[in-house]
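Have a look at the structure below, then the notes.
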Amino acid sequence: MEEFTLDRNSNVGNLIALAVLNKFDELARHGKPIIRANGVREWTTLAGVVIQKKMENEFICVCLATGVKCTPAGIIKNEQLGSVLHDCHAEILALRCFNRLLLEHCILIKESKKDTWLLEVADNGKFTLNSNLLIHLYVSECPCGDASMELLASRLENNKPWNLTVDSEKLMRGRADFGLLGIVRTKPGRPDAPVSWSKSCTDKLAAKQYLSILNSQTSLICEPIYLSCVVLYKKVIVKSAIDRAFGPFGRCAPLAEFGEKDNPYYFHPFTVLETDENFLYSRPLNQAEKTATSTNVLIWIGDKMQCTQVIHNGIKAGTKAKDVEKSQTLICRKSMMNLLHQLSQSLTNEKNYYEWKKLNIKRCQQKQILRNILKNWIPNGGNEFQWI
């Protein structure tokens, strides 16, 4: 098992962060936070996937996203399922963007019969990450959920002592009962927001240490790809919380017992690095400053795509949800399924998305192992739709 460390000395964290921050600065203003007419400054979270070329020690941002919103499946109309993005938190969107890029590279390899700088064809016929590459994730805020419980409590005006209970049999809202640690939480965290079964970013990132960062589409055609490092701004890190949420001796420790020779999935805890570099549009640490969350989401996918989209309420900005096809983003489930269909019709014969996901038996089995260990992981709704 790879040792988990919180490296406070290495400059790698700054190099990864700067790769994302510099790329964000290069993008056009549209979709970025603004200062509103009443003088209130908007804030958001930025996340980006950075590829490190080991031999050259080069760090390349290949995709990024901003966002802090989540749309519960229950308020999305049936005809819009698969077209609307549910989870618009930056780190989740950035990983969706990376999966879109992987699909594009798979198609390129199929058409050209040649490996790309990102992917190679393995002996078993699946695509695999180039052995010279490492994958990192930068996030400007501490991921919502268990990793940020102590940080959230420290920002409260009434910072009274709270009971440090380690387990619970309940599925908790993101900001409920700070004293309950090491448990699965949902987003949105606010008690006044509509209920969602979407898991916190902490839980989703923890899950990816076992299931890999591949999604339902790419996991069918690619060998698992794992994050090497997650980089966070140093002032949002509470080491004990990070260790508990992600570390090999925290709540994910039992996952180390799984993984066999014929099982491509195994527990791969990422290293958490800190950075001195702060994102210009981050939520201010000074609670006295009046701010508002940005309602826009911005995604950018680089490399061979070089494409930017602004997203509002889970669909392309400037479109209406009733215009189902026109409103679809590059990374919604229907878009990803159509791209996979372009790559392999034999893998996409089942048109019901829920039934199609169940056909990936190996991944479903590994998901159940993960849910049994993390506990209280109730599957999301919103999968009952025809993707084509």
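Just so you know, glycine gets a Cβ as well, placed from its N, Cα and C.
Per Swiss-Prot, the feature domain 'A to I editase' maps to 63-388.
Marked as Zn(2+) binding site by Swiss-Prot on the basis of sequence analysis: H89, C144, C201. H89 (Zn(2+) binding site) has a Cβ environment of 26 other Cβ atoms inside 10 Å.
There are 27 other CB atoms within 10 A of the CB of E91 (active site, proton donor), with all protein chains counted. According to Swiss-Prot, the active site, proton donor annotation covers E91.
According to its DSSP assignment, K204 (1D-myo-inositol hexakisphosphate binding site) is helical. Look at Swiss-Prot and you will find R96, K204, K357, R363 tagged as 1D-myo-inositol hexakisphosphate binding site, backed by similarity to another entry.
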Roughly how many Å separate the Cα of C201 (Zn(2+) binding site) from that of K357 (1D-myo-inositol hexakisphosphate binding site), to the nearest whole number?
22
Let me know the largest Cα to Cα distance in Å among the 1D-myo-inositol hexakisphosphate-binding residues R96, K204, K357, R363, as an integer.
18
Could you please provide the mean pLDDT value for the domain 'A to I editase' (63-388)?
88
Give me the CA-CA distance between E91 (active site, proton donor) and R363 (1D-myo-inositol hexakisphosphate binding site), in Å, as a whole number.
22
State the three-class DSSP label for C144 (Zn(2+) binding site), counting H, G and I as helix, E and B as strand, and everything else as coil.
coil
